[in-house]
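I'd like to ask some things about the structure below.
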């Protein structure tokens, strides 16, 4: 029996994934499923450039902006939710189209994942209380005693990873990195993944990155982050989306708005460069779509269903 198709549309930030994926879903009777680790959070749709409501009104979108920013989210949790949505979409006769640039999620979905046990809520609260009392440096020192491997790999300024590693070693008695040596678990072995990699020319991509981030700053991102700062302690939130730290620094009068934007643009370009390198080296079997200007991109959009040899539907 032939395997069912799943499309994964990936690429660096600002490469046009959302636009292209939306057009593809409309052309091929598909539904969109998020595969971006930051676009799951409901309080930050602007800074994460989540798909607009106009897109969501035309076709079904799944796993976008549904999770409170206070809730921890792991690759295992994502995979379970994604598998449910993929099975639901295919059961309805539609084509699942996954869009995003989070390499860990894509790699785990396609090639399998290391299943790290869930952390109990009691322990999670205890570790956060401890961190609040002793800070990053002392928590890193304590991690060194319990898990020297993790402490050597995790910078003490990386609060989220530091807390996560400390939780895991307390919960399991094992290093968080020890789980990487275990056999990987596959959850969608009955599917065939067709991976499309958007590969814009570097200079063109950087131009789009700068323009998009400037628009994001103008279109409400500052108010969005100001509200989060008012309601929550940012130290305990999963605020890794580029631009958030810079806006927080602006709100705390540590940077001017221009400095915050310039710094965020620089970080975005560096992030895009790392993404391109990762996709080129980690995902060997893929369809690469190259383009160097807006006209090239529009041509790719018009011809995509032909280029990747897709039927009009997955029925």
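Note that Cβ sites are derived from N, Cα and C of the backbone, with glycine treated the same way.
Remember, it's a predicted structure, so these values are computed and weren't measured experimentally.
Feature list, courtesy of Swiss-Prot:
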- 11, 12, 13, 14, 15, 16, 17, 18: ATP binding site (BINDING)
- 13, 14, 15, 16, 17, 18: substrate binding site (BINDING)
- 36-39: region 'Interaction with substrate tRNA' (REGION)
- 102: site 'Interaction with substrate tRNA' (SITE)
- 124: site 'Interaction with substrate tRNA' (SITE)
- 160-164: region 'Interaction with substrate tRNA' (REGION)
For the ATP site given as 11, 12, 13, 14, 15, 16, 17, 18, which other residues of the same chain have their Cβ within 8 Å of the site's Cβ centre?
101, 198, 200
Going along the chain, which residues at least six beyond the ends of the region 'Interaction with substrate tRNA' (160-164) come within the CB cut-off of under 8 Å?
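Answer is 127-128, 131, 136, 139-140, 143, 154, 176, 238, 240.
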My understanding is the cutoff is Cβ-Cβ under 8 Å with a sequence separation of 6 or more in the same chain; which residues meet that for residue 102 (site 'Interaction with substrate tRNA')?
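Non-local contacts for residue 102 (site 'Interaction with substrate tRNA'): 35, 36, 37, 38.
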If you average pLDDT over the region 'Interaction with substrate tRNA' (160-164), what do you get?
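Mean per-residue confidence for the region 'Interaction with substrate tRNA' (160-164): 88 out of 100.
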Give the residue from the recorded positions 17, 124 that has the most other Cβ atoms within 10 Å of its Cβ, counting over every protein chain displayed.
17
Round to a whole number and give the Cα-to-Cα distance in Å for the pair residue 11 (ATP binding site) and residue 124 (site 'Interaction with substrate tRNA').
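Between the Cα atoms of residue 11 (ATP binding site) and residue 124 (site 'Interaction with substrate tRNA'), the distance comes to 34 Å.
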Around the substrate site (13, 14, 15, 16, 17, 18), what further same-chain residues have their C-beta within 8 angstroms of the site's C-beta centre?
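Filtered neighbour residues, in order: 11, 12, 19, 49, 101, 198, 208.
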When you tally the Cβ atoms that lie within 10 Å of each candidate's Cβ, which of the binding-site residues (13, 14, 15, 16, 18) has the highest tally?
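Within the set of binding-site residues, the most crowded position is 15.
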Any idea what the Cα distance is from residue 18 (ATP binding site) over to residue 124 (site 'Interaction with substrate tRNA'), rounded to a whole Å?
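Cα-Cα distance, residue 18 (ATP binding site) to residue 124 (site 'Interaction with substrate tRNA'): 35 Å.
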Out of 11, 12, which has the highest number of nearby Cβ atoms, where nearby means within 10 Å of its Cβ, if these are the binding-site residues?
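Counting every other Cβ within 10 Å of each candidate, the maximum falls on 12.
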Which three-state DSSP class does residue 12 (ATP binding site) fall into?
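SS state of residue 12 (ATP binding site) = coil.
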